[in-house]
Amino acid sequence: MAPTLKQAYRRRWWMACTAVVENLFFSAVLLGWASLLIMLKKEGFYSSLCPAENRTNTTQDEQHQWTSCDQQEKMLNLGFTIGSFLLSATTLPLGILMDRFGPRPLRLVGSACFAASCTLMALASRDTEVLSPLIFLALSLNGFAGICLTFTSLTLPNMFGNLRSTFMALMIGSYASSAITFPGIKLIYDAGVPFTVIMFTWSGLACLIFLNCALNWPAEAFPAPEEVDYTKKIKLIGLALDHKVTGDRFYTHVTIVGQRLSQKSPSLEEGADAFISSPDIPGTSEETPEKSVPFRKSLCSPIFLWSLVTMGMTQLRVIFYMGAMNKILEFIVTGGKERETNEQRQKVEETVEFYSSIFGVMQLLCLLTCPLIGYIMDWRIKDCVDAPTEGTLNENASFGDARDGASTKFTRPRYRKVQKLTNAINAFTLTNILLVGFGIACLIKNLHLQLLAFVLHTIVRGFFHSACGGLYAAVFPSNHFGTLTGLQSLISAVFALLQQLLFMAMVGPLHGDPFWVNLGLLLLSFLGFLLPSYLYYYRSRLQREYATNLVDPQKVLNTSKVAT
């Protein structure tokens, strides 16, 4: 039986910690495809496609000797293409399903699919000459399972209030760092552990995710902190008052009730409802403003549209470098010259493999740097108050002696939505500056400088996902979060398809020289500053509106009688 939302709230730290571990070892593990490809080739997957006369390489273990060829790699990469496509393209339907049914069923399905994926790979490795086609189904299930686990974990930060963006960044960081998983698995494989044992063990661990979800994840979705209070409520004559209600807020409620009593006398049949009703207290209405926002308004909002441009451009920049990195390193080492001797070829290959391994290890930086951008998104949120509304009393004003009829001294508060926009501006500006710095590092043909490019690439890859997730959680209703995030991921994946054309241009007409492609992408990177620029404009407009509504408290008390 699924736990209640209240029970899940008490277990939120356990759920968050286990979700980070689960994302790290079970989400986007296909991003470490290079290591998995080596293991699959050693196990002999599609080795039958390699005729003896076309043999390009031979790998040998204690019992078998398998051949390797271009046809084998093309077939295996086709499986990777399918799996990686599902890893990104299914985000939109998953977002719609999660908004409708909550994260629990999707997480159960995802963990089951991951276990099935590992089991299929283990079974197929027993007789690769016959069962090699199972790798397509296994990789497809792996990609689908990864996005299910990742997507559902992004709802957990809603239970952490003002730290929501920080925990969301931690979830995205563990997802981005999962590229290190297959390189780690390969180390175990190289130590002599059979591939079948590794896959069956991994499948068993995935079953623990299923069990953890069944025991701890509630059936309903996690509402945003602005939409529900997970903490204990105190019932008072049919009215749910938060135990943290401030004196000013209670004074506002009593004033409104007093104004209602001055207009009519309640009958006995009306009971206590005539004196006290939940809508009189700000933030306790049954239907929150966020719930009433139509999805079309969120979809067509300028913030979402500009985020599509920024995220699509950044995704293209990041994915192109991941796909073309080996060729870029090779061009830097050789200077564009042909390798004439076997010794030169071997030296180039060793250098490229060394730097590629460094790049793989650096993926763990995502786990360390993503919380930083989340901290930026959460900066000073806990010190903020809700926005004022026209014709109502500002809860966080300093009333002084207003209740005694004396002059009122007014204090301008810091509003939550304005602060969230400020934090988003800072986060996206920092990310875009790092992206431009990464582009400049790519233009310089220096091998050691590529280490800086590795660091900047890894940080940007974690930052821009975390910043976007924090922005969506801060600006849009929580019931739109899954669909909007899924749509953004799908459109970004379409943008990323252009990297294949850029790669073909680099190895074809440009003869392996990445300079012009990197220059074009660097210029394109400046489009990323359009989103924080619009957020700055939107924040200024919002501040003017708040300043207009921020009227004198005594005037509000006098005019509220007319409103009632």
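Note that Cβ sites are derived from N, Cα and C of the backbone, with glycine treated the same way.
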Listed residues Ser292, Ser398, Ser407, with the one flagged phosphoserine by Swiss-Prot: Ser398
Are the transmembrane segment (357-377) and the transmembrane segment (20-40) close, by which I mean at least 3 Cβ pairs under 8 Å that are 6+ residues apart in sequence? yes
Stretch winning on C-beta pairs under 8 A with the transmembrane segment (515-535) (pool: 20-40, 191-211, 303-323, 424-444, 451-471) is 424-444
What stretch in 20-40, 191-211, 490-510 has the biggest tally of Cβ pairs under 8 Å against the transmembrane segment (303-323)? 490-510
Contact set, same chain, for the transmembrane segment (424-444): CB under 8 Å, 6 or more residues outside the stretch: 310, 314, 317, 321, 328, 373, 376-377, 379, 450, 452-453, 456-457, 459-460, 463-464, 466-467, 470-471, 474-475, 514-515, 518-519, 521-522, 525-526, 528-529, 531-532, 535-536, 539
So if I exclude everything within five residues of the ends of the transmembrane segment (20-40), which remaining residues of that chain have a CB under 8 angstroms from its CBs? That is, six or more out. 73, 76-77, 80, 83-84, 87, 111, 114, 135, 139, 142-143, 145-147, 149-150, 153, 170-171, 174-183, 185-186, 189, 195, 205-206, 209, 212, 356, 360, 363, 367
